[in-house]
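The FMN binding site annotation in Swiss-Prot covers 232, 252, 260, 280. Here Swiss-Prot flags 280 as substrate binding site, drawing on similarity to another entry.
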C-alpha cells in the first residue's frame, strides 16, 4: 500500500509561517488554532491539542484527519517551501510524519531522533530535526505504530508514523511550519543514571559555606578513623574537618597518598606524567571537576582515545589506519555503524522500544528524571541477566539489529572486540554485565574524556596539604596496616600492625574488598554489616589491569607523523602516545606501551621483570607497526628510571584495578552504596561506613569515590550526638543525600 502524497495547499490556504514563535505554549496555541480552523466547523467539534498526543478530528464531511509533524533541517524546509509538491522538491528524501508535536517539553531531541529513525526509512542525525512542518492527513492513511517501554510513569506510550512518499496517493496538507522547540541538552555534567541525584550540584550549593554540615553547640563531636588515604578517604577527612570534627585520624597501609589517583613523575622530565591508575576524566564527572576547580587544577587536555586521534589498527596480521575524526577502515564499518545506530536508536525488544542511550543521557541532562528512571528500569528488566557478550549477540545477531544490518556471528564480534566502544578494545571485559558497560555510556564516561596536565595525584596532594584546625590531613595520616576492626559496646576498636589498639566513635572504611574481608575481618560476623552487604563485598568482581609506560627522548610520533594510538590483537593491546607538555613539541615524550585488562593483564604477570616485559611488548608492537616500534627506547638509555609498570591485581593494597559487575550483580553496588544510610535507622547503625569507588555504581571512576565519601561524611555528622531527627537535618546542608527522596530501581539479584 502506498504512503501519503505530499502537496502544498492552494494559495488561499497557504501554510502558516510560525518561525518567529519561540515559546512552546504559544506554539501549542497557534497550532491548535490552525488545525481547529481548518478541520472543525462547529464549536462542539473543537478540541484541545495536548502536549502528549496529536488529535484525530472530523472535518464535518465524514472524514477524520490526524495532525502530524515532519521534522527536517533548514535546507530541506526551504526546498519544500519552494516546491509545489514533493516531486518538485529536488533532493528531498522520503519523509515520515509523526504524532509528536514540536512543543513537547518532556521530549528531548535524542528521543525524537530515535522515534523518527525507527518509524521512518531513513537515518537522520540530530541536525536534521531543527524545524517542523505540521501536516493534516486522513486518519486512514497508512501508518506504523511504535510502542515504548514505560515512559513518564505510564505503562507505555505509542507513537504513530505516517510515511510521506513520492508515490503516495493519499492527500497530505501542509498547515504550518516553524522551529522545533523541543529541549536540547547542552550541559557537560548530569546525575548518574542509577542515582538520579547530582552530587556535583550539592557540593556547589555548599561552596559558599565551605562545608556540608556542622555540629551545633552542645553536640559531642565524634572521634573518627578513616581507613585508607585514597581519594575517597581524603575527601571524607577534609569534609569532616571543615564540618568541625576535631579528632580525625587517617590510616594508610602504603607509603603514599591518593590510592588509584597515582601520578608517577620522572626525574629527568618533571613535566611528564605517567598515570599509573586513573587517567581518563570525562567532563560528566561533576564531582571531580568541582574539586579540580576548587583546588586550582582545571588545566586539562583531550585524552587520545581511538578515533579521536590518528589510530593504527592491527588485526589478523594486517595494519589499518583510522584517521582522526573519520570513519574507521572499511573492515570495521559494519560494527562501528551498528554500535553508533544503537546509541541513537536503542533496541526493539519483542516489539517494545527500549530508549536509546543518547535519549537516556538527554533525559538526565534535561532533568527529566522520572523519564530517565523509566528508561533505565526497562533496560534492567530486559538485559540485567545478560553479559555484554550475550547482550551484543542478542541485539546484533537477532532479527532487528540496530541500524538494520545483521552482524556475522564470529567475524564481526571479533572486530567489535578489537575496536571497542570509544576507549579501546573491550574484548577482555566481554563477560562483564551488559548493564555495567551500558552504564559507562549513559553516564557519559566514553565521551569528552580529559587528561590532567598537572597529574591527577596533585589533587589528593593538595587536599592532604590543607591545614585545618592547626594540622594538615597529611599530618593526621599514619602509614601503617590496619589488621583488625571489631566492636566493643558502642565503640569501635582499630588494631594496627604491631598490636596497638585505638578506640573510635565512628569509622569510615575505604579499603579494597580483599582487605575488608581478609585483613579487617569485617565480614566474618554480623557485628557491622547485614548479610547481604557482606555477600556483596565477598562476591563483587575486581578487574585486573596492567600498565607499562616509557619515557622517550622526543615526541617521535609528532616528528615522524605517526599515529598516536595503536590497537592490536597482540600482547600489548592498546598503545597511547601522551603529551603532558604540548607547549614544548621538542620535549620528552611518553608512551603508554601497554594498557591491558583481565586475561590480557593476567598473561603479563608471568613476566614480572619490567625490562623483560618491555622487550616482549616492543617485539609485539614491532610486528604490528615496525616504523613505530623502532622509536621505543627509554630516554637516555635509562631502563631503571624511564620505564615504569604496575599490575593492579597483585597490588596488596588494592586487589584489583576497579570493580566491574558481572551480569546480575548490580544489586551488589546498590547494597554497598547505600550502606551508610543505615545511620537513619538507629537499630541498624553500627557506626562503621563504607566508601570508595568500588562501593559505588561507577567502579574505577573518581565520581564514585567522591559520592560515597559524601554519603559516609553525612552519615557521621547525622549520627553524632544522638539528637532528635529534626536536629539532625538542621546541621546538614539542605539537599544532602541523606535527606534526598531516593527513587530506587528493581535490580535482579
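In case you wondered, yes, glycine gets a Cβ from its N, Cα and C as well.
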Residue 232 (FMN binding site): secondary structure state under DSSP, collapsed to three categories: helix
Neighbourhood of residue 260 (FMN binding site), C-beta criterion under 8 angstroms, separation at least six: 230, 231, 277, 278, 648, 654, 657, 658, 693, 700
For FMN: widest Cα to Cα gap among 232, 252, 260, 280 in Å: 25
Local Cβ density at residue 280 (FMN binding site) - other Cβ atoms counted within 10 Å: 17
Binding-site residues: 232, 252 - member with fewest neighbouring CB atoms within 10 Å: 252
